[in-house]
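A short worksheet on the structure shown next.
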């Protein structure tokens with residue numbers, strides 16, 4: 001099952017470490033949803049092409065395009081630059097949807113009080129980060145992840161670095177959190 005926790009503020013330690021508070025403060029996936037709007041499903045990464053679960057989610061949410069990304073030193077061109085870009089706090093004007101096929105890593109998301117929640121993703125986890133949420137991604141100590149990226153329409157992956165509080169997607173996100181209507 002997915003694990004999440006509030007993060008420490010130590011910026012001197014390797015970003016690939018867990019960065020748990022002392023004592024740890026776990027966050028359930030329901031709390032993650034309620035505090036950030038992030039959605040989660042656990043799928044079978046071995047049978048998703050046959051069992052229909054991913055296809056149903058795609059149909060229900062309008063995800064019409066997919067591709068696969070592998071992140072490791074030997075698989076991703078310009079690895080160091082990409083890792084820095086992924087870990088820079090940013091938002092997107094569209095949802096960010098990732099289905100983990102292999103490996104593991106961390107999505108850090110800001111909760112409704114602007115605190116970091118670290119979500120550990122592993123094989124079979126499907127996350128939907130809402131448009132307008134401040135977030136970042138890093139590998140863990142395994143230094144490898146393979147993920148399916150899902151999009152509504154043609155793929156757009158344009159990070160809008162913080163501060164971006166005036167961006168329309170941010171306004172809409174904040175309003176959705178206030179009204180409790182994240183879907």
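In case you wondered, yes, glycine gets a Cβ from its N, Cα and C as well.
Sequence-distant contacts (6 or more apart, same chain, Cβ under 8 Å) of residue 96 (Ni(2+) binding site) comprise 127, 128, 129, 135, 157. Here Swiss-Prot flags 90, 92, 96, 135 as Ni(2+) binding site.
Annotation comment: Swiss-Prot describes 90, 92, 96, 135 as Fe(2+) binding site. There are 20 other Cβ atoms within 10 Å of the Cβ belonging to residue 92 (Ni(2+) binding site).
Within its own chain, the region 'Disordered' (1-21) is flanked in space by residues 27-29, 31-32, 40, 42, 87, 106, 108, 115-122, 125, 138-141, 143, which lie at least six positions past its ends and keep a Cβ under 8 Å from the stretch. Annotation comment: Swiss-Prot describes 1-21 as region 'Disordered'.
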Please spell out the DSSP helix, strand and coil residue counts for the region 'Disordered' (1-21). 0 helix, 6 strand, 15 coil
Got a sec? Which of these binding-site residues, 90, 135, has the most Cβ atoms within 10 Å? 135
